[in-house]
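The region 'Disordered' annotation in Swiss-Prot covers 50-175, 247-287, 322-362, 693-729, 761-791. Annotation comment: Swiss-Prot describes 59-91, 137-161, 694-729 as compositional bias 'Low complexity'. What Swiss-Prot lists as compositional bias 'Polar residues' is 92-106. Among the features that Swiss-Prot reports, compositional bias 'Pro residues' is placed at 113-124. Marked as domain 'DH' by Swiss-Prot: 380-571. Annotated domain 'PH' per Swiss-Prot: 601-822, in sequence order, evidence recorded as sequence analysis. Residues annotated as domain 'Protein kinase' in Swiss-Prot: 848-1117. Look at Swiss-Prot and you will find 854, 855, 856, 857, 858, 859, 860, 861, 862, 876 tagged as ATP binding site. Swiss-Prot lists 971 with the feature active site, proton acceptor.
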């Protein structure tokens, strides 16, 4: 159906209704007869709802009104009904202006009983047809008569006149079905439009979702790409280490083969047509036969590395001639990228290290290369050299940032400021030799630029450049060793100094446009760069023909560089191992001796199951160090371990045995306690230490004699007895490597390589025992065991049998334990008694660095933190010049006392030495003193912590007082109690220290020297000057212990609110120091306070001794519910 005809009909209907509305306001309701107008039905039909087009009789009006709430017109009685008896009668007739009113037709609500207002002759108001609040459905054709419901009985009223409709199309031309069809089409169009809109919104949402998914996948891709690159770097590093471990290079062991050497089979035949060997690079690119562009030489991945990776990516010049310019280290290089690989790709596998570089001494080798191949080789050598120059410039640029932006301003702050937030010592610890390293980097870059940018295609002198700079690479050793200290100082300053933190944050803003986030990421650059120099030199060496003038300098540079890097790597491994020992020390709980010793190194750890009788088996988490084997049990829901047992490897043997159930079992045996000699460092004779002290006081600097190592010819040939019984069980005791055996009537040979011995045991007369990491037992009902022993009787040994996770795990454990048993025994054979007493520090070769001052001693000495071969410890330094002999003797007495002490609550003695005019005493380092903790604390300690701290101090005091010759401390106070803090800030690892005023007491000996800190001194110590006083003894420490505990409770020194003379008088009278009233948990503290009051009794005999204190404090701690060991 076409749309033009219905449209015309709509327009006609609209004009009709507009005319009717206009005539209503003008008062002219006469409608002329129109032939084309639709015929109005008789008046028996009422047009009661124009909007709906529904026509019904009056009898149906009430029902229609109930069903349709939208009908706004209520039908009333017929206008022609003048009688009250004819209310329900409907009259029919033609519509005229005398009995019909258009106001009823268009009124949205039923009309009121009041007569309508007279028509206005003026212009119709704004409430025209289109502005009236009536919703008219013009899609329906008005049919039927108009029912006038006006209640006005005046027939002559204009409102009662009949109405003639005109201007409408004929009835025959208006089809209701067509209108309804048009409506449906319009509705369909509208629905189609809404559906299209919905689809567009759906597509937009789906597009957004796909975009987010693409971003996620892109992030995952780059993450996997980063992991892949890191794994490749690790693999290349592992491959280089494996190649380096093949052999140790020497001057005469280098056999060079050029990069274009073919295989031995190719080179054996004559002729010059030899295919050049392709060199694979780390980035995925490779050198082909012809020179390639930079993009083909190396594939660069731009990745961000914030901490430990290399600083720069693998960049290469494009081979074009560069104009020579001045090196600037203040301008950022053009290419700044960060890669997780090295600055420079590692050389090929045949040239990864010095040990794998082969230099052929055949002078005819160079003649095998054609001229074209030789020139290509030199060109690639030049390209690699340009790449090294570029990366060296970038490296120097970032070093210059460290020096100019950080180091120099901090130096000025420490030197010129009246109140510096950083000291000179901290600046030195933080940056080390960065300035010297920057100078060496600039020197290398300038030398390389002078050689490479001279316009020649065959630069000569590269070998001399690296040989010259190799001596400077030794500076990296001290920097790498100091790196961990540098990072710890940096973190500590950030935490403690707001000014330093603000300074660092301000300076780090210049790194926003780089790939480094902070100063710590810059400080790691020299650590990673030193390893890259080796790859650079080795790679250039592999590209240098033997006939080239740079060959010999490069060979010397390779040897020098390898020795330097090996030393640096060894120090890095030592630092990592020592850090691991410190971590294990903090994770261990229970009663155990200090694990953190200078010579101790971490080896491995893992879970082992102890094989017990029947079904009894205990699981231990074992830690293997280079001198001890520690058994512990993991604590559930914690990263801590409970200490169980320590096995000294110098007295141990490891045994690999087979099991009928084919379980991976091995055994560790140690000498029984009854038969062991106490070789504890602090329990040895004091002759060695006393001699050392005498030498120091006499300023004797004579060198010590070398150790005499006597060896006999039977070291490598020992007998092994294999006795066979009825079950064909064979046991082989291996006492050394390379031994002959005699098994019954047969003979065989056993070889032991790398600490791993494998036994092939057969019932033949001839037995061969090879080192193949397997044990094959072909005996009937037989068990084989291999014992690593020192020839002692096994009846006096205690055995521990463990089950490993697998055979491979068992072999790894046995290999590691056996290797460290051998090294531990060798160290004990060569160490002197005084060296053992010093805790394993060899001061003659140790690298000792004095760090910041952390305190001062009572004998005129200073206390510093220091590092001994990277191991952090505390040192007391006494200057002998212009120092009274009394103070020197006091210092020596402290050393003599500390040598004898070994307890978990006593500071550990590590060693001493005489250096020039200074006497050094090395002790275990603790970061805090109890005085520092009390001063910084803002709220009182909980009662359980107070009791625990008092118990730990009492244990240390008990150890001193119960020695064979009791030791009195005489200066017990918070400043002489060292401690650590756990991750929650609670006090832990309490140690009693500072024994410069301590004294050994004999039986019945009393002291009469007034010494100590006044507010902590006992009354009898203050009265020692009186003639009637008989002196004091160990009970004076009990008084000082009470005063120390009063300060822990109140967080204030005893008698702090009184003047000095008043406090002395109160002490002499035995008055207890006042305590604050706002104590935490006073009921729990009440027993402790009562105990402390007994400790300050004026009669020393009425005071409890140290052992009684420990017993009572332990009982108090149990009553609080706090677990103790």
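Keep in mind that glycine also has a Cβ here, set from the backbone N, Cα and C atoms.
Neighbour list (residue 860 (ATP binding site), Cβ cut-off 8 Å, at least 6 residues apart, same chain): 878, 879, 883, 887. Following the DSSP three-state reduction, the secondary structure of residue 860 (ATP binding site) is coil. Long-range Cβ contacts of residue 862 (ATP binding site) within its own chain (separation 6+, distance under 8 Å): 853, 855, 856, 876, 877.
The residue listed as 'active site, proton acceptor': 20 other CB atoms within 10 A of its CB, across all protein chains.
Each residue contributes its Cα atom, and for residue 854 (ATP binding site) and residue 971 (active site, proton acceptor) those atoms are 19 Å apart.
DSSP assigns residue 854 (ATP binding site) to a strand.
Mean pLDDT of the predicted structure over the domain 'Protein kinase' (848-1117): 85. Cβ crowding, taken as the number of other Cβ atoms within 10 Å, peaks at 854 among the binding-site residues 854, 856.
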